[in-house]
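*Asks:* Have a look at this one before I ask anything.
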């Protein structure tokens with residue numbers, strides 16, 4: 001049965017504590033509120049005690065329940081009704097009071113049972129670029145013979161607004177899938193933040209929730225510089241001769257602007273498809289003579305920018321540009337050198353190296 005999932009929403013990055021955690025706490029107002037700072041420290045300590053697992057079964061040991069604000073108001077209303085019924089000897093008042101109280105008690109058990117017994121599984125997250133939002137795909141499995149309604153998931157600590165939650169219903173003896181959004185603040189390899197599952201079904205008078213600390217990690221590539229600058233000039237091969245100056249379009253010597261009569265096999269079709277999609281005539285052909293004498297190296301020294309992260313961003317843009325052109329390119333970093341190659345696997349190796357350098 002297909003899952004009935006709701007819209008997922010953006011959730012900010014919540015990672016393990018870093019050396020800059022004190023500055024982050026101050027930016028959230030914790031520095032001016034000792035109670036909030038102590039609560040945040042206790043929360044991090046408590047989360048560190050949670051087991052790491054990409055699959056979690058919700059049981060009575062890890063599912064919690066408390067009344068909501070509406071639940072406390074209902075309890076206060078029932079207390080006032082009960083006192084008034086006793087004071088004025090109102091039989092209908094007794095009936096209404098105990099009827100509402102019984103409904104609240106039944107709702108409490110239904111609410112707890114809605115979340116209890118669900119199995120959560122996190123699919124391995126795909127790498128993505130810094131600055132964009134990625135989504136963790138979480139699958140929910142239920143072996144109960146009745147459906148479960150209004151189950152929400154969010155990154156822990158960032159579900160204060162309704163649009164921060166991904167909502168879904170789980171069919172009877174079936175599964176559902178939701179996308180929980182996540183926006184990291186820096187490149188590199190990060191652990192998936194702590195997630196929270198919650199429901200207030202059916203009456204909204206009780207809140208049932210559980211915390212989940214996945215073991216998976218997500219790789220964040222550097223954000224490519226936009227607009228992408230021209231590729232650097234090619235370097236002469238060890239056995240070749242000639243200058244390293246570029247031709248015409250200012251890109252790597254292995255390609256040049258398309259000339260009438262060029263064989264179709266020399267046309268860079270990936271670039272041609274992109275040009276047709278954008279409505280331009282920016283066609284290029286491979287220059288076989290130049291490519292035999294030169295090779296493209298993407299070196300950190302070629303990115304003439306003062307900031308290290310800006311240079312990494314420019315190299316990322318060059319990797320994507322060279323991959324779109326379908327030309328061989330190598331990558332030089334202070335601690336790593338990848339020889340010239342092409343293809344999706346080479347692009348992934350280069351992006352991983354840039355993310356982790």
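Just so you know, glycine gets a Cβ as well, placed from its N, Cα and C.
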*Asks:* Please identify the range among 20-43, 92-115 that TrEMBL labels transmembrane segment.
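*Replies:* Matching range for transmembrane segment: 92-115.
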*Asks:* Which range is it, out of 63-86, 135-158, that shows up in TrEMBL as transmembrane segment?
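*Replies:* The listed stretch tagged transmembrane segment in TrEMBL is 63-86.
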*Asks:* When TrEMBL marks a stretch as region 'Disordered', which of 203-226, 227-250, 251-274 is it?
*Replies:* 227-250
